[in-house]
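> Heads up, here are the entries from TrEMBL:
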type	residues	note
COMPBIAS	550-560	compositional bias 'Acidic residues'
REGION	541-571	region 'Disordered'
REPEAT	54-95	repeat 'WD'
REPEAT	100-130	repeat 'WD'
REPEAT	203-247	repeat 'WD'
REPEAT	288-322	repeat 'WD'
REPEAT	408-439	repeat 'WD'
REPEAT	644-676	repeat 'WD'
Amino acid sequence: MVTAEATFAGCNRELQISDYNPLSNLVAFGSKNTVSVFDPVETNKLGTGILHTLKSHTKHVVTVKWIPGTNILISGSEDKTIKVWKYDSEKNKFELRQTLTGHGATVTTFAIFDDNLFVSGCANGELKVWLKSTSNEQNDNQSEFVLGESFTIKAGFYQLALALTQVAQSQYVLFIGGTNTNLYSYSIVTSNQSVSVNQCAVLTGHEDWIKSIAIKKLTDETFFIASGSQDRYIRLWKLSLNGSIDNSDQDKTKLTLLFNKQYKFTIESSSASTGTTTKGAISFDAIIMGHDDWISSLVWHPDPNTVKLLSGSADTTIMIWEPDTTSGIWVSKVRLGEMSIKGASTATGASGGFWCALWMFTKNGAEFILTNGKTGSFRCWENTNAGVVSASTNDESAEPNFVQAPCLTGNMKDITDLEWSPNGDYLLSTSLDQTTRLYARWVKNADGTLRKDGSLSSWHEFARPQIHGYDMICIKPLTSSTFVSGGDEKIMRSFNEPKSVANLLSKFTDVTTGQKSIESMPESASLPVLGLSNKAELDNVEQQHQNADKDDEDEEDLENNDQAKNISSEILSTLQTPPLEDHLQRHTLWPETEKLYGHGYEITTLDISSDGKLIASACRSNVASHAVIRIFRTDTWLQLPQTLAGHELTITRLRWSLTGDYLLAVSRDRQFSLWQRNHAVDGNDDFKLIKLQNKAHSRIVWDCCWLPSGILSSSSSAGFVTGSRDRFLKLWEKCETADENGESVKLVGSVRLTTAITSLDSYSKAIDGKCVISVGLENGGVLLYSVDGEGKFELLKTFEEELIPSDRVSRVSFRKPSSSDEKDPILLAVGSVDNSVRIFSIDSKELSV
């Protein structure tokens, strides 16, 4: 049985990319082409992550909305389609019910009041009104939406925000904001399957684009409309209907000003005999000032009797506003987030502003605020006073106390590489979002006790060792506390674990430090402004004090300096949960120790020998002179004199054999090369080309892996597997002696799959005398094959559709088998171009063949 232990994926940077459904207590958000779903309460309390990944869109997901009061979810994408999903709470599954087409550009925004009607907008300025189909009213489970009407505002206007409310039976008012300073109001009247749309008013006042709109119903005839703009202001408008309309503007003796000007309109029913006529008026009510940057999100408190407004901004703050009981002036009662630093970047600790904010109230009375930032991770605050009775007023109105809690993290762009630590304690990943991330199991409480007596553990991001200025491509651990990474630059960098992160992992996880003592580690690391190299801080405090001048003034300066530099250790040591996004951005960097030069173009792959003495690497190339393998020593961090040439195009993967005696390379030139390592006393090992296999495959060879010992018939032979875009999986044997034709490498067996192969890895322990190989496919599929010494491949497992990524698998990696308990499940990490990192648990009993 294959189960998903963890799924990490970053949220797309869009204004309406997430939404909360109180009925099912689920949050849905867009992650590249996928709609991901998680439970915010369970994630906060138990550490569970993404529960479902909905795969159907072919391009970037831009907007996601739940239909209020239902378990129906709609999503819009750059693929110009709208997907309608239905969640079955009993089966805990989602079903794609309908795909709506007709938009000519990216679907950017939705406005929904109920399941009878919703409005969608796209990037070419067109808006569409969708109606619930009346042909399926007898069976609501089969309900579908049909197009009712299409319209545009004006040429050159593109909507960024929509909000919809119902004012009478079959009568709605739609508010539209976008790429000018006006807030537009339209009436929508439905009759059977027909729709009429008319403009009601054009509201002026904002000084820049309008990016968010929210509607609050006060009474049956009065509504508050909040609009947020790039001018940094929130404007409140009052919509009055019929008897609540203030007609004082008819007094010609009064001067009409901004505060008393009314935009009046009438909504005529489509059926004169049965319909009603609704009169409306919109007036300016208040302006709210306090944010320092664009307003990105507005949410009203869902309680009909509570008038509070939540705002999110690009200044990285969340505020909750409410009118003062005496003066009526709107004031900020809660401020969350961080102080905005103009010009700050993610590398210096700034999250780049908040995009989409959610105000969530669960059935059991819990209150949460959720928002996503530039890094793709969510930030979550829980009101610990939710439902607490105030001592002064004797009701549930205690001052809110929002405490930040752990939440989902994940990469913003394609995953490029995955590697387990040598002892399998943690997983490292790299991505095109220019970060390196460390994932480990949260098994212990802050006091050292096991979570729920050992019955609960969950995977979390515990460190972000590298926040770089280049896209990251490859990574490989050298020891349990050291790794080497390469990116879209010509150099590789090595990193050492700092003491602050080692103590954090020891506190919450079962990660061991390995050979390196924690006391000998650098205290922490920091990244200079405009720099790419993480600098070690406070390498050895005791030594600094011993070498310090005994002068009192110098000693005092040193103490102050120690306190300033120790901030990361102090903060991480006080954590009661895994690090939050704030901590990951600022305090979990690993100091850089060495740079490895030599390549002329961007690094594409690297690997470290099993004895940890040599690093093999390659770079992009269109000519043979750069399609070489360079070998570096880890004791001197110098390149060996010999460069391994033979390929003509970019080498896509390098893999050392399990013994470290052979080095295998596969390339875009459809060849593989096999090199034998000859150990030298002085450490400058040399290499001999055993085989350069011409036309090993008919298309690009993406990956390769070595078989564990004991699989092939000869114990001295070495076997390896290659996978290619030509869909072939091939087993090769390095024979102890050459055959009559002088060939020392021969093809043992092959199997052709139905989809191109993009990644491979082998389990480093034989099962029933056979090797288990994980295969990642171009369509996101993941397969498990077994192969014996005769080259016979057998399909063991095809991962279920709901478990696999939605796009090409870029890397698969088995965790090293545990020596303590052979009954432990096999863990397989899968990284994909869909931005996700997935950790699967595989029952080893099912792999016995």
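Just so you know, glycine gets a Cβ as well, placed from its N, Cα and C.
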> Which of 54-95, 288-322, 408-439, 644-676 shares the most C-beta pairs under 8 angstroms with the repeat 'WD' (203-247)?
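Selected stretch: 288-322, with the most Cβ pairs under 8 Å.
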> Please indicate, using numbers and ranges, the residues of the same chain that are 6 or more beyond the repeat 'WD' (288-322) and have a C-beta under 8 Å from a C-beta there.
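Cβ under 8 Å, 6 or more out: 15, 22, 211-218, 224, 226-230, 232-236, 330-338, 340, 350-359, 361, 369, 371, 373, 381, 400.
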> Looking only at the repeat 'WD' (644-676), what are its DSSP counts of helix, strand and coil residues?
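Its residues fall into 0 helix, 18 strand, 15 coil.
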> Note the mean pLDDT of the repeat 'WD' (408-439), expressed as a whole number.
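For the repeat 'WD' (408-439), the model's average pLDDT rounds to 95.
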> Determine how many residues of the repeat 'WD' (54-95) DSSP places in helix, in strand and in coil.
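Helix (H, G, I), strand (E, B), coil: 0 helix, 24 strand, 18 coil.
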